[in-house]
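Noted in TrEMBL for the protein shown:
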DOMAIN    104-207  domain 'Sialate O-acetylesterase'
DOMAIN    276-395  domain 'Sialate O-acetylesterase'
SIGNAL    1-18  signal peptide
Amino acid sequence: MKLLRPALLSVVFTLPCAALELAPPFTDHAVLQRDMAVPVWGWDDQPGADVTVSFAGQTKRTRVNTSGIWRADLDPLPANATGADLVVTRGNTSITLRDVVVGEVWLASGQSNMEWGLGSSPKLFAVEKTKPANPLIRHLRVEHTGADLPTGRVPTSGWQTATPDTIGGFTAVGYFFAQSVAAKLNVPVGILNASWGGTAIESWMPEPVLRTHRSWPALNRTMQDAMAVWPERYAAQPGLEAAWAKAHEDNRTKGTPVTMQWPRPPMGPGSGFMPARLYNGMIAPLAPYALRGAFWYQGESNVGRHRDYAELLPAMIGAWRASWPLGDFPFFVVQLPNYEGWDKETGTGWAYQREAQEIAVRRTPATGLAVIIDGTEPTDLHPQDKVPVGDRLARLALARIHGVRGLADSGPVVQAVAREGAGFRVTFAYADGLKSTAAEVGGFEIAGADRVFHPATAKIEGATVVVSAAAVPQPVALRYAFRNVPNSTLANAAGLPAAPFRTDGW
């Protein structure tokens, strides 16, 4: 039986380099993070050799260590949208990066809705590609790379500035985030896009962290079983590599919408669908590149395992923060949108997953939740309109990190629920101008001791809502927007939707 050619393996090994080399995030058009030390690092085949890094009037010297690694830290830099050269020299060898700017750098990660290219949303792309080039917006795509061990190298697209010819391959969420932040702050914004459709959170976590979780024995069995049958399964899919590569390239260059499930190779060595492989291959190589924070749009592939997810997401955030010497850097999470899901009978699988995301954010410092329960494409696993997602992430960054005043960064969030007569009074925070987007307030349900939920009527009174259900004279529990596709209508004056919640633990 003919096995996979070595060139197709996505396992990445950190091999000794043959000459002076920079780490993957350093290319022409790079964005360096302002107002903090900027590590610049790479490899060389001459241990003990002196390396010089020069940029923006600074010159830093370091030495190649015995492992062939060198690193020099630039002092904090002010924002600067005028591109300059960054020069790295060792002896008679030098590397010059052109058009390097200084601004805000964000890591964007997750599965397909984060990976989703602007070109895959034809209506949005048609508008955006008519706009002039915007050198303040820059994007680097980390190529799909799974690795069995943490690695220092990974293929990338290189940094690209936003032009009509390039933005089709930008993460749409990251693009609209960068557009909002750059417009408000008037500084360059760089997006490091490390995402892969269809992947579960376990793929993005270091194995030592996963081993501490109760789900590890089952995960480990899955890996061992997959490895045992991988050669046969791969050989049974002739043409998979070529078809996958063509679909990816068409999406990147032509903006071809993806209308089917993306092809997935069988799990095997270095597979992105194996636990820890994407942390090893796509996140580890980026550290310690200086950045402001990260945002995460993932969870679809973990629906049905919400109890684990509420624990795994904080653990993943902690592991990523441990990889960067930046303390608790900001980490924003996109809560899953309204989607009919696969559990048509119960209709709540996605609701429980959203709750797990909210719990994780609430328990983890320096985090924020972007609520998008008001989406208008509930039958599409990949909503085309990524503008609200990017906008709400940008609001979190601008209001909470950059101190922009008067900018709402959250929709209404439940603050208290009190029994009142035959119903409840719900008090909300972030409720200035609390309103319903429809004639009647929708989305509330009430249950009695029988645990059967019934639609409820609701009336807005200032920052509170009074809720009751004639079918439940003795109410015990209240839920809001706790369905895969809820009829939720609450929002504040900024038009930001109220977050789902429930009072029961059933």
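Glycine residues also receive a Cβ, built from the backbone N, Cα and C atoms like all the rest.
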Three-state composition of the domain 'Sialate O-acetylesterase' (104-207), taking helix and strand from DSSP: 36 helix, 29 strand, 39 coil
Three-state composition of the domain 'Sialate O-acetylesterase' (276-395), taking helix and strand from DSSP: 55 helix, 13 strand, 52 coil
Per-region confidence, the domain 'Sialate O-acetylesterase' (276-395) (mean pLDDT, whole number): 95
